């Protein structure tokens, strides 16, 4: 009986008939979140937040704990799947004008920032060579903040260098932040259902809606099943595809890796940071690469919501997708020509998308009026 009541609530939820597969990534993100929390709990049970024991505890979990290798790989590959889903979810929001539901978009961008922080803290926990040096480089950017930077960095590190207190803090933050993500996700979903989902045409859906259950529940379940299948296949055949070879060595203060880089899902922001040959400028560009998403609802000047009917913005959108991939690629390369030049051009084009939103919207309105 309780299950019938839950399904009845879903049945009462009206959804536009024409929403496509791109609208399924929200439920996939919810599944990823649940999976990460469950696997994270089992990993935390066997983890030791100590610089001398952290790396050994990871090896112990992989070798000696029953199904520990599966939990570890599910958690690591689950994080990559989480970011793949969130980037597609955001791209859909940008393309179809979902950002015009301002509160939902702003809460979603805040969620992205929290998620990136959580993933960064988690990347440091194995205390491998790349974990340690990525943490050193990224946290050191705080020193670029005038007046407060050095104090903030010392507070975050728990001393004058990354050491045992740093690892303890990062573990505590990695454990507590997901609860904030759950709370903010609930708010995000509540704000979304105040107005309802948009649709590919960007029109009002009130005239043509169907119940969420059974139509969209089966569609969601199909996409979730496909995602889990891809994850399990990756874990079975390519478990280390996203891992850096340097991270299979314990952190060593005396040896610097040839090329320090974070996980693949941060490479676009890291590439933007590296494209500016100035510490403060790079740190600001890094922050702006995410923060600029907050401006999108306020720079929309077009009369049409979706990019389906906006050819100029479509061109800019696909340029944005291309620059995202190019910046990610250049960030994996050494800091030398021609990669620095490519990275600088791609970073400029990345920010151009957000700045052109205002002008191109106005231009498209003018063209539409002329045609009429």
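Every residue, even glycine, has its Cβ placed from backbone N, Cα and C.
Ranges compared are 149-169, 170-190, 191-211, and Swiss-Prot records transmembrane segment for 170-190.
Of the listed segments 218-238, 239-259, Swiss-Prot assigns transmembrane segment to 218-238. Within the set 105-125, 126-146, the record from Swiss-Prot flags 105-125 under the feature transmembrane segment. If you look at the transmembrane segment (170-190) against the transmembrane segment (25-45), you find at least three C-beta pairs under 8 angstroms, all six or more positions apart, and that counts as contact. With a cut-off of 8 Å between Cβ atoms, the residues of this chain six or more beyond the transmembrane segment (105-125) that come close are 47, 49, 54, 79, 82-83, 86, 90, 93, 98-99, 131-132, 134-135, 138, 166-167, 170-171, 173-174, 177-178, 180-181, 184-185, 187-188, 191, 262-263, 265-266, 269, 290, 293-294, 296-297. Between the transmembrane segment (25-45) and the listed ranges 69-90, 218-238, 280-300, 312-332, the one holding the most Cβ pairs under 8 Å is 69-90.
The DSSP secondary structure for residue 193 (ubiquinone binding site) is helix. Within its own chain, the transmembrane segment (218-238) is flanked in space by residues 21, 24-25, 27-28, 31-32, 70, 73-74, 77-78, 81, 85, which lie at least six positions past its ends and keep a Cβ under 8 Å from the stretch. Cα-Cα distance from residue 75 (heme b b562 binding site) to residue 89 (heme b b566 binding site): 20 Å (rounded to the nearest whole number).
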